[in-house]
Amino acid sequence: MPSSQHAEPKQQQQQQGKRTSTRLALKRNAKKKEQQQQLQQVASVALEKQQEPCVPAQHAQHEQHPVRQGRPLEDSWAAEFAHAAQDMEPKHSAPASPMADKKPAVVIDPALVEEPNPQLIPQYCPLLGPGTAIVSGLHHSYPIQPETQPVRTARQRGDLQCGLWSLLPEELVEIILKQCTLHQLGQLESTCSFFRGNKTIERIAKQRLKAVPRAKGLKPSKKDGETHTMLLHYVQCQSAAAAQATSIACGAYHSAVLMLPRQVEGLSVEPHQAPRHSLFTFGRGFHGQLGTESHANSKSPASVTLGFKPCLDQPDAEEETMPAVVACGAHHSTAISRKGELFSWGLGCHGELGLGRWAPLELTLPRQCSAPQVRIVSVACGNSHTLAIAENGTLWSCGKNRHGQLGNGTMQDGTRLQPVLHVGNCRIVSAAAGVSHSMALASDGSLFTWGDGSCGQLGHSQLQQIAAAMPQENPLTMITAQKITRLEPSALAPENRITAIAAGGHHSMALTVGGNILAFGANSQGQLGLGDTTNRWKPTRIKLPMSGEEEGRCLRVVQVACGASFSMALFSNQGTLEVRTTGSNSYGQLGHGDRVGRLTFRPIMKVPDVVAVQAGDEHAAAVTASGDLYMWGRGDSGQLGMGDNRAKWKPSLLKEFVVVHPDKTLRRNKRSQPFIRPMKENGKADKTPSIPLL
C-alpha cells in the first residue's frame, strides 16, 4: 500500500511532463508554420507579379564604364534588391494568386548567392519589382508551398507606408544590406521610408567605419545632421582621391597622365582582353621632360613608354614596363612601374633624375634610377629635387640641395638617392615637395619638414623670431627633417591628426582626419585661403564653414593640392563633392571664368562627380568618377592638352581620353595586361607587334 501511494505521484509527474513537452512542441510548430506562411505569402505576391510584363523605370540598365567600373550594378542580387526597394508600397491588399495551386513550390537556391544565372533567374528582385518570381542570393533554402490565403499588405507607420521590406525578417534584411555598396545604402536610407525609423543601415555603416584604421575615434557631426553613412562616404572619398591622384601630375609647364583613348574605352571585351593604359605627356618639352625622344612641345597627349624587359613566362618575347604612378617637377618627370622601379627623364643638372652621375644633363627618354635595392611605392617632385618612399617606409631624396631640401645633413646636390635623416623609426607614408622645401608624413600622423623656411612654409614658429632678429640674412634653412611639435599625434584628438599633405611654391597645407585644413607659409596672393595676405609661420586652421550661407551644413575637406601661388581643395558639402580654389589667378587657374584672385576658397565652375584634383605651377586638373579629365589655367606651352596654346579660365574637358581607374594600376588582381612583343634571333625586339593594340 505505501509503495503504490508513492508510485502514483511519480506517474502524475511523468504525465504532466509529457503534456508540457507536447504543448512546447505545438508552440514551436505553430511558430514555424507562421514563419513559413509569411514566406508563402511573399511567394504568392512574386508568382502573381510574374505575369506583369512591365519593368519600372528605375530598373533600367545603367551604362557603366567597362574599364573603370567592374561589373554593372544589376549583376548582383543585392544591387537588384536595393534598386527595387524604393518604396513600391501596394495601395490595396492583393488577393491570393489564382495560380497558387498550379505553380510548384518556389525554392530559394543558396548556390545562386554570388552569380545568379540570368537564364534561370529573373533579372530583378521578386519582393519589390514586377516581372520576377524567385528570390536569389539568400544563405538558406526555404521550400515554399503556395496557399490560397489573403496576402499581407505593407505595414504602415503613421502616414508612411514601409513597403515590402517590412515583410522580411530582420536577419534577412541585414544580410541583404551587408551585400550592398555604400552608394546603395545611401540610396535606401534617403529614399525608402522603411529605413527612416530603422537603424540597420546606420549600424552597418558604423561597423564599416570602425574597420578603417585612420578613422578611429571619428564621429559624425550631429549638429549638422551628419550620419555614419555620410561619414563613411567622406572617409572612402579620401581614399579614392589619394589613389586617383597618383594617375595624374602637373609640372611647371607640362603634364603627365595615365590614360587610354576614349574610343577604346567604350568597347565591350573580355576581362583578359581589357585595353591597357599608357602614360601620356603634353606641354613643354624643351628639356626632354615629355619623354618622347624629342625637345619639342606637344599640344596634345603623346604616348610614352618606360621600355621593355624579357618576359618571364615567354623566353622569346618581352613585355612593356607598365607605369603605375606619375609625378612631375618643374622641368623633369618621374614614374613608378608596377614592380616598384623608379624611372625619370627631363632636366637633371642638379641630380634630380637620380642616375648616380652628372651626365647626361638631360634625358628625352625614361631611364631607370640608380635606386637602392628596395621597391619604390611613392614619389614627389619639387622644383629641382625628388623624394621617393620605399616599400619599407624609408624616405630617399636626390637633386638640388642649396637650401637643405634633401634632408641628408648637407647642402650639396646629390645625384643618387640618399636616405633622409632624423625621421626616426617612423614609417613614412606620404611626401610633398615645393620649390625648395620638403614635407613627409608618418603613419602615426607625425609631420616632418625641412629645407627653406624663409616664408614660414616649414611650420616651425621659432623661425619667425630668427627672421625678425636678422632680417637682412637668410639663415632659415633646416638641413635635416624636423617634426612639427604642435602637431604631435599623441597630443591631438583623433579627428585633428594629420592624414594628408601638400606643398606649393613657398607654402604648405596639411589635412586632418576630420576634414580641416591647416595652412602655413607664403600668403602674398591669398594662397592659404585665410582671407588675408599675411604669411603664417605656424599651422593655422581654416575656418569651416566659410560663410553665413553655409552655417548648419556639414563641410569636410577630402583632398588638398597646391600650385606655385594658388591652392585647391576637394570639399564634401553635405555629401556632395565640389572643387574650391584660392590664391593667384593670373592665368585663370582658379577656374572661376575670370582672372580675379581670391583670398578664400571659393567653388569653381561646375564639374560633375569630381573624385580627385591636382595642381601645377599655374594650371590645374580634376578627374571625375567616370574618368573624364578637366584642365584649366595656363596653356601657352600646351600643358592643358587641348591641341592649342591658349589659357582656359574655366574647366575644359579633354575629349579624346579618359584617366585610368586606380584599380587598373594599383590593384594586383585587376591590373590591365602589359603589351608583349616578340624578340628577334639576335636578341633585339621586333618592332612589329604580334599582339594588336586595343
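A Cβ is built for glycine as well, from the same backbone N, Cα and C atoms used for every other residue.
TrEMBL does not curate its annotations; it predicts them automatically.
Not measured: the values here are computed from a predicted model.
Between the listed ranges 398-424, 668-694, TrEMBL ties the annotation region 'Disordered' to 668-694. In terms of DSSP helix, strand and coil, the repeat 'RCC1' (277-339) has 0 helix, 36 strand, 27 coil. For the repeat 'RCC1' (445-514), the number of residues in each DSSP class (helix H, G, I; strand E, B; coil) is 17 helix, 25 strand, 28 coil.
In terms of DSSP secondary structure, the repeat 'RCC1' (627-654) contains 0 helix, 11 strand, 17 coil.
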